[in-house]
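Listed features, source Swiss-Prot:
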| type | residues | note |
| --- | --- | --- |
| BINDING | His12, His78 | Co(2+) binding site |
| BINDING | His12, His78 | Ni(2+) binding site |
| ACT_SITE | His12 | active site, proton acceptor |
| BINDING | Glu48, Leu73, Ala74, Ser75, Gly76, Val77, His78 | substrate binding site |
Amino acid sequence: MTEKLGILAIGHGSKLPYNKEVVTQIADYIARKHSDVVVRAGFMENSEPTLGEAIEGFSGTGVTKIAAVPVFLASGVHITKDIPRILSLDENGCGTLEIDGKTVPLCYANPLGADELIADLVFKRVQEAL
């Protein structure tokens, strides 16, 4: 059986539209660069789709495994407690989802963290501001 990866890009959500726009755009960039991957964005609170609705969005896509990636810079309570609880992950960041009557493995990625690519982006934003 051919593996088909799904990516769940997780945003915090906000009453304002900006967080949703950014997370959705990042998910769209990933989907365009990796056309063989199914990408969905979901939000913890104050934005739609919710995480549950985003997971439902994998129905009919044929995904055989899903990576959930928090689009957050650093770990905090949402990353270490809330999202793992919502996704029913074990202590190793693993779990399963039922999609189209099949059990699909789910793994939890780290937040973005400190990375040279982010440092380059910060410097780019500084240059744009000057």
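Backbone N, Cα and C define each Cβ position, glycine as well.
In the three-state DSSP assignment, the secondary structure recorded for Gly76 (substrate binding site) is coil. The 10 Å shell around the Cβ of Ser75 (substrate binding site) contains 12 further Cβ atoms across the protein chains shown. Note: the Cα of His78 (Co(2+) binding site) and the Cα of Glu48 (substrate binding site) are spaced 17 Å from each other. Listed in sequence order, there are no same-chain residues at least 6 apart in sequence whose CB falls under 8 Å from the CB of Val77 (substrate binding site). Sequence-distant neighbours of Glu48 (substrate binding site) (same chain, 6+ residues apart, CB-CB distance under 8 A): none.
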